[in-house]
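First up is the structure itself, then whatever we jot down about it.
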């Protein structure tokens, strides 16, 4: 099956990748579309999202003796890992809510690697925004839950949460991304993004990748209200540019105007290149354009 549609996909991929690289405004429009879409869906469903997120606290007797393992460094012990609460009560929920929009069709395309939520989104709005280039995007949505002791302006991204330049030179070879040198204030790191900038489906659908990150931020009520539990405080949304925008045209990752957009991650040197993460600074990201949004959920 690997080679059944390979040649036509190869031809279409290179032709359409070049078109996107030559016309970066198309990618920027669909990235803003994806960001605004999630913002609207969250705003329209605030009550449901907040209620289901906070329900985890009322269910305390059911998990208190077998809590999730803390993956942080030197935890104080008074903070419960809330990662999966955000993934289910926000991430999975948003996929369902997006699919219910009148002008949107969602397909859960089989991909063996990628972010928490990944699906093909088709809409006539995309067709209009891209001047008929495509009506579809590959939505890559990751949930990054944080509490009051975590940074709310950092995103820590794995290689499979970032797309690269996406060269496909030989039919048999498949797509390869260039390694990138990430320079931070005090150190540097080699980073290898592992996601292509676009997908071509077997039916000919052109699907540029749109990377969106949802950052549910919870409050530890023991610190703020003299209470117990961890309640949803706010949600940050971020749109990280596609690999073509980052590393090709306009090349945000290399532009001094966005210095330290990427910084070395928190993995030690023993980690494989395919596992080493990188940090994105949301304060720098927001300088590129309307790339970061915040929704107050503490109501």
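Backbone N, Cα and C atoms are what each Cβ position is placed from, and that goes for glycine too.
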Additional site residue, 116, 154, 167 [criterion: listed by Swiss-Prot with 142, 143 for Mg(2+) 1]: 116
Residue 143 (Mg(2+) 1 binding site) CB neighbourhood, other CB atoms within 10 A: 23
Per DSSP, three-state class assigned to residue 116 (Mg(2+) 1 binding site): coil
Which listed residue (116, 142) has most other Cβ within 10 Å, given these are binding-site residues: 142
For the Mg(2+) 1 site built from 116, 142, 143, further residues of that chain with CB within 8 A of the site's CB center: 86, 87, 91, 115, 117, 141, 144, 213, 214
